[in-house]
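Taken from TrEMBL as is:
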TRANSMEM  25-48  transmembrane segment
DOMAIN    41-289  domain 'G-protein coupled receptors family 1 profile'
TRANSMEM  60-82  transmembrane segment
TRANSMEM  102-120  transmembrane segment
TRANSMEM  132-157  transmembrane segment
TRANSMEM  200-224  transmembrane segment
TRANSMEM  236-260  transmembrane segment
TRANSMEM  272-291  transmembrane segment
């Protein structure tokens, strides 16, 4: 096609959201309450850790950072979903779409790295308790936290810059709940074989984190099972239950979403996975950390 005859796309349309008169309010109200709960719950956890000196240790610092990231991670997508449920236009600008992808995935990668740091912290605490204070120093924890943020936001930058150079000439309908790499790349009016490269990059980063966390917790469980006292064994295991649950929720949904390569799901299942990944997993974070941890419950009450 002659390049001069192309009409470049300046906005994308979310075609799969129901119209207001077709019952979108039925989805709007629960999603709004879920979003409010995520924001309030994670802010409560964040401030509880910051204000209670008993929780000023590496494990709770990582939890507070993860909760803070969850606030912005959900804010990147859910308000736009809510807007699409009550708006007639249901559109997003080209730049807005790129920014949504960038911040959504950058925050997601940062969260994955923080979860990895949390697994390393639990590994040192349980498998090498006598040297825990020497190894997990405040300086190292700060370095891990800042390093996770820097790497998370730099890793996605080349991919977003490359996508910003692609021509989009129509159609402009995104069949997903938010802007994501694969649905947007399929709309480009050029060779999109780079999707495979993008899948490989995501797979490597996801599998690296999953491998480190899995090996850490396997070693932790092995050590815990060797503890002779049943009470001590239960106490040691209870410190890891919340972390393992969040790990399974987060990386389980990530795996279904981004480690399927050429495997295609029915559209309704595709959106259900996206909803679990972007909404439901963050919803359970404040519930799990507040209900499964006595110190956290005491700090929240205080």
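Going from the start of the chain as shown, residues are counted 1 onward.
From the backbone N, Cα and C atoms, a Cβ is placed for every residue, glycine too.
Through the fold, the transmembrane segment (102-120) approaches residues 59, 62-63, 65-66, 69-70, 72-73, 76-77, 141, 144-145, 147-149, 151-153, 155-157, 160, 178-181, 205-206, 209, 212-213, 216-217, 243, 246-247, 250-251, 254, 278 of its own chain, all at least 6 residues removed from its boundaries and within a Cβ separation under 8 Å. Note on the domain 'G-protein coupled receptors family 1 profile' (41-289): its mean pLDDT in the predicted model is 86.
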